[in-house]
Amino acid sequence: MAKKVLVFAEARDNELRNVSFEAIGAGKEIAAGGEVIAVVVGENVSSLTDPLFHYGADRVIKVEDQKLKNYTSDGYGQAFLQIVDSVDPDAILMPHTSIGKDLAPRLASKLDAGLVSDATGIELDGEEVIFTRPIYSGKAFEKKKVKEGIILATIRPNNIDALEIDESRSGEVFEESVNIKDLRTIVKEVVRKSTSGVDLSEAKVIVAGGRGVKSEEGFEPLQELADLLGAAVGASRGACDADYCDYSLQIGQTGKVVTPDLYIACGISGAIQHLAGMSNSKVIVAINKDPEASIFSVADYGIVGDLFEVVPLLTEEFKKVLQTN
Amino acid sequence: MNIYVIMKRTFDTEEKIVIENGKISEEGVEFIINPYDEYAIEEAIQLRDDHGGEVTVVSIGDEDVEKELRTALAMGADKAVLINNEDLDESDQYTTTALLAAYFEDKEYDIILGGNVSNDNSTGQVGPRLAEKLGIAYVTTITKLDIDGTTATMERDVEGDMEIVEAQLPLLVTAQQGLNEPRYPSLPGIMKAKKKPLEEIDYDDLDVEDDEIEAKTETIERYLPPKKEAGKVLEGELGDQVEELVKLLRQEAKVI
C-alpha cells in the first residue's frame, strides 16, 4: 500500500545537505507510489525548496521563523511536531546527523513510536519496511523494523542513493507558520572548527592519520592532499590520544563511523576499534611503514612506506592527472 | 545537587563479534562501562566534588551489571541502582526509556548524565527519549559543562564545530568524547565501593504496565559483513607505486 512519507530536509550554511536528498530517495522507496513530503525549517529557507523537488519530493513544506535560526531541540521539536500533526504521515525520515540524532528520539518519544537509527539500507517486504543498520560500529549488521504504527528512521549519509536530479520537476510549496515558545536551551555561539569545511560523516573521500603522523604538524601533508581531493581529514584514536589533533576527527568504535567512497589511511596501524569505524568504506588505501600492520588486511591497495614520503608524492601525482583532465 | 548517571554495560571495544543462532554471542566476552557513559560518570563525580550532593548511577540489565556498577562506585559515585530486566523477553530503546522514566518518576534530580551513544547498538536514543518523557530539557554530545546556580553552560560537538549552549536545571545531558579524562578506580576507591549501597530493583516492581514497556521495534536478522579480501600491496620504486595507485583509483576502483 502506498504510504505518506515525511522527510526532514536539513540545511547547513543555507545549503541543503546531500543526505537530505538521500533521505528523499529513501522516502520514495518507502512511499511505494505514495507521497513524499519534504519539510525544510529555518530562518530563511525559500531558496532551498526547488532542489527538493528536483530530487523527488512531491510536496514541500517550508517553515520560517526567527526562532529557528539555530537548531535547538525545543524549537525544531515544536515546529516539527506541528507539521507531523497536520500531515499525519505513515513514516518520518531524518538524516542521521547531529540534528537528526538529537531530534528524532525526542519525536519518537513524544509520539510513543519506534525509531530505527542510522539506517544504511531499506527494503520492502510486502507491507513491511525493513531497515539495515550497523551494530557494534559496523562489526556486524542487523535488519530491523518498526512493529506497528508510525515508522521513524534516521538515514546515514552516503549509503542510500538519491534519485537522479531532474530540474524539470517542480511542485507546490506550502508555508506553515509555527508557534514556538519557551526555548529551554539557548545557543549562545557557534564556533567553526572544521578546517576544510568538508564534514567527515558526509565526505566522499577521507584522508586519515594515525600515530604515524607523529605531531600536529604531521597532519599538514594529509590536509594538502585532502584539500586537493575535496576530502575531509580524519584520525585514529592513537593520533587523538597523543594530542596530534582534535577528538572531533576521531574515527572508530569510539568516535565517528564513516563510509566514504575512498579512505586513505596514513600511518594507521589498524586496531580493531579503528577498523570498526572505517572498514565499510568502499575503497581503502593503506600507507604504512610496517608491512605487518593490520590495516593492510582491510585495504584494497597498500603502499609500504613512510607516509611523509608517500603522501606528498601522491598529492603531486593527483595534481598532475587532475590537471590534464 | 542530586546527580544521576544512566549507564550501560557494553562489549569491550576490542572484542570481535560472533553470531550464534541469530544472536550476538557473549561467550568469553569482556564487558566494560560504555566508554561514553564513563565520561558521564567522571563528570558527575567532578560536579559533586565542586557543588556537593550525591551521585547515583543507574543501569538496566542482569546481575552481571553489578560489576560495572561497582566500578562506577569505585571511581567515586555514591550509590548504584540496578534495574533487573533479566525476565524481560524483548526490549528496545522505547522499553529502556519507559523503565527509566518509571524509576525517575518519584526522584528529585538536578541533572541526569549519560553517554551520547552506546558502542553496541549506537542509537543514542535513550537520553533524549528519557528527557522528553520526564518533561525536561536536554543537550546532547557535550564536551564541556559548567554549572552556576541553576544555569548550565555547555559546549557541544556538532559535527566538528562547537556550539555554546545555555540551559536551566533540571537538565539531561549526554557526554561526547573530550568532556574529561575518566579516572581509574584507586585501590582505596575499590575497597570503599564494596560498602557503598547497590540497590537492585526488579523491573516488575516499577510502576509500569507490561504494554507500556513493549518494544516498538523488532530485530529480524543479525549478520556479519562479508569478509574483505586482502588487497594489492604495490611493489617497485616508490614513485612508480604512487603513479600506479593513482591509476588504479581512477581506472579500476573509479573513485577519483
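Positions of Cβ are set from backbone N, Cα and C atoms, glycine also.
What TrEMBL says about this one:
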type: DOMAIN; residues: A:5-195; note: domain 'Electron transfer flavoprotein alpha/beta-subunit N-terminal'
type: BINDING; residues: A:Arg211, A:236-237, A:250-254, A:267-274, A:Asn288; note: FAD binding site
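On the structure: features taken from TrEMBL.
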residue	record	contacts (Cβ under 8 Å, 6+ apart)
A:Arg211	FAD binding site	A:Ser236, A:Gly238, A:Ala239, A:Ala242, A:Gly267, A:Ile268, A:Ser269
A:Gln250	FAD binding site	A:Gly234, A:Ala235, A:Ser236, A:Arg237, A:Cys240, A:Lys256
A:Gln253	FAD binding site	A:Tyr136, A:Ser137, A:Lys139, A:Ile272, A:Gln273, A:His274, A:Ala276, A:Gly277
A:Ala271	FAD binding site	A:Ser236, A:Arg237, A:Gly238, A:Gly252, A:Ser294
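For the recorded site, A:Gln253 (FAD binding site), the DSSP three-state label reads coil.
Checking the binding-site residues A:Arg211, A:Gln250, A:Gln253 against chain B with a Cβ-Cβ cut-off of under 8 Å leaves A:Gln250, A:Gln253. Packing around A:Ile268 (FAD binding site) is summarised by its Cβ count: 32 other Cβ atoms lie within 10 angstroms of its Cβ, all protein chains included.
There are 31 other CB atoms within 10 A of the CB of A:His274 (FAD binding site), with all protein chains counted. In three-state terms derived from DSSP, A:Arg211 (FAD binding site) belongs to a helical segment.
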